[in-house]
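For Ile18, Thr50, the entry in TrEMBL reads thiamine binding site. Look at TrEMBL and you will find 11-90, 116-194 tagged as domain 'Thiamin/hydroxymethyl pyrimidine-binding YkoF putative'.
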Amino acid sequence: MTGESCAKSNIAGVSFSIHPMSDNFIEIIKGAINESDISKVHVKTDDVTTTIRGKLVHVFDAAKAIFIHAAKTGVHVAFQATYSLGCPGDSTGDVYMAEDDSPLNAEQVKDIKQYAAAKFSLYPLGGGNYMDIIYEQIEAMKKHVAVSPAHYSTRLEGDVIGIFNGLEQVFKATVEGGSSHTVMTVSISANSPSHKGDDPIE
Ligand SMILES: Cc1ncc(C[n+]2csc(CCO)c2C)c(N)n1
């Protein structure tokens, strides 16, 4: 199937891992997945990652909820994710495309206050002007959270909901801007003892 449905496919996906810095890691990972409503996406968890595939809105909603439920335990948790939409290289398997666009978890997590620091890298593959798109989206991210430059990525700091909403908007705008294959890598850290605690929302 590789590449066959390239032009038409609207399937978004994310492959992510959460690493809780606690002996309790099994309960934290499994508990976070169980607390999230994942009924509008296809989800598969193995010993390395969890993969979620479906409509873009639901993929972002589900991964955000799972991370926030893990972070709200207060344990230092690290999140590592690759989001992708488009092809070549994707298949039409292992997916659930829900009929509607109403996210299932946004309301439940929206009031959870959680500071996080993150880095993201956006890869609009398949087009010539990729640096223009990347700079435009780094600028757009400033509406959501504090943004600062980093080598190979861009650093984000602030409310975790703002970080995830910013990431979703940036990814969506890149897709809607015509990128035929969009990839975004993200690292997020919450409850890190390295954080100095000077953020007002902490
Ligand atoms: C989101 C997410 N999904 C899967 C793993 C892999 N993993 C590591 S420990 C554990 C629990 C015991 O099976 C699992 C599933 C992860 N770290 N984060």
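Backbone N, Cα and C atoms are what each Cβ position is placed from, and that goes for glycine too.
Across the domain 'Thiamin/hydroxymethyl pyrimidine-binding YkoF putative' (116-194), DSSP classifies residues as 29 helix, 32 strand, 18 coil. A C-beta separation below 8 Å, combined with a sequence spacing of at least six in one chain, links Ile18 (thiamine binding site) to Ile28, Ile29, Ala32, Thr50, Ile66, Phe67, Ala70, Val77, Ala78, Phe79.
Counting residues of the domain 'Thiamin/hydroxymethyl pyrimidine-binding YkoF putative' (11-90) by DSSP class, helix then strand then coil, yields 27 helix, 28 strand, 25 coil. The 10 Å shell around the Cβ of Thr50 (thiamine binding site) contains 21 further Cβ atoms across the protein chains shown.
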